[in-house]
Amino acid sequence: MDAVNFSILAPRYGSHPMMSAWSGIGTSDMNGGAFNWGGIWSGIKNFGSNVKNWGSRAWNSQTGKLLRQKLNDTKVREKLVEGISTGVHGALDIANQEIAKQIERRLERHEPLEPEVEEETVETKSEAKAPLVVEMPLKRPRDEDLVITADEPPSYEETIKTMAPLVPMTRPHPSMARPVIADRPTTLELKPSDQPPPYSPQSSNMPVTAPVRSRGWQGTLANIVGVGLSNVKRRRCF
């Protein structure tokens with residue numbers, strides 16, 4: 001019963017589970033077992049070394065020397081180089097031809113430009129306009145003489161006689177002015193009452209006080225240095 005239950009987990013050889021033979025696990029006897037890659041690599045190396053030895057022997061042999069001499073005489077190298085160069089130039093020529101064909105195809109796709117038709121310009125002559133007629137006024141005859149008359153201004157004496165006597169007026173404007181009636185002519189002299197009073201300096205009523213000298217060292221210092229200027233504050237209204 002236990003073998004049946006664990007047979008699914010056991011390694012298999014094909015379709016048969018391996019329940020007892022555990023020694024064969026991981027060997028080439030199993031399906032998909034180990035593979036010796038080292039042997040394959042060593043075989044490849046041995047085959048390569050053998051090919052190299054065979055080639056060197058053939059190259060250094062008398063037959064190889066004769067073959068090389070024959071190749072030099074027939075100029076095989078030059079022919080190979082010429083063939084390669086001609087092939088390269090031919091490939092370049094083919095590429096240039098293909099590019100030219102592509103350019104021509106793209107140019108053919110565009111619609112051809114229509115030639116510009118020059119428009120015939122017809123010069124239209126402007127109709128001759130009728131000349132303008134301007135009527136000029138008739139000129140006066142030269143025999144006529146112009147006579148200009150002008151009234152001469154009156155003389156100064158006549159003007160003074162016709163003028164009214166100069167009388168002082170009450171208003172500056174002539175329409176508002178009225179004559180001032182007085183026995184004596186007015187003058188610009190000021191009245192005695194209008195004259196300003198004579199200037200008289202005001203005498204100060206402040207008593208003059210002499211500085212009081214203190215006794216002791218303060219008085220001695222005042223005698224040496226002096227009391228200086230007296231400062232008097234006065235308030236005046238202008």
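Start at 1 and count along the chain as shown; that gives each residue its number.
Note: Cβ is positioned from N, Cα and C throughout, glycine not excepted.
Across the range of the region 'Amphipathic alpha-helix essential for membrane lytic activity' (34-54), the DSSP-based residue counts are 18 helix, 0 strand, 3 coil. Annotation comment: Swiss-Prot describes 34-54 as region 'Amphipathic alpha-helix essential for membrane lytic activity'.
Marked as region 'Involved in endosomal membrane lysis' by Swiss-Prot on the basis of sequence analysis: 36-53.
Annotation source Swiss-Prot lists region 'Interaction with hexon protein' at 48-74 (among others), citing sequence analysis. The predicted model assigns the region 'Interaction with hexon protein' (48-74) a mean pLDDT of 83.
The region 'Disordered' annotation in Swiss-Prot covers 187-212.
As annotated by Swiss-Prot, region 'Interaction with hexon protein' applies to 221-227 (among others), with the evidence given as sequence analysis.
What Swiss-Prot lists as region 'Binds to importin alpha/beta, involved in hexon nuclear import' is 228-238.
Note on the motif 'Nuclear export signal' (67-76): none of the residues of its chain located 6 or more positions outside it place their CB under 8 angstroms from a CB of the stretch. According to Swiss-Prot, the motif 'Nuclear export signal' annotation covers 67-76 (among others), on the basis of sequence analysis.
For the motif 'PPXY motif' (153-156), the list of distant contacts is 162: same-chain residues at least six beyond its ends, Cβ to Cβ under 8 Å. Taken from Swiss-Prot, the feature motif 'PPXY motif' applies to 153-156.
The annotation motif 'Nuclear export signal' is assigned in Swiss-Prot to 219-230 (among others) on the grounds of sequence analysis.
Here the motif 'Nuclear localization signal' (233-236) has, by DSSP, the following mix of helix, strand and coil residues: 0 helix, 0 strand, 4 coil. The motif 'Nuclear localization signal' annotation in Swiss-Prot covers 233-236.
Taking H, G and I as helix, E and B as strand and the rest as coil, DSSP gives the motif 'Nuclear export signal' (67-76) the counts 8 helix, 0 strand, 2 coil.
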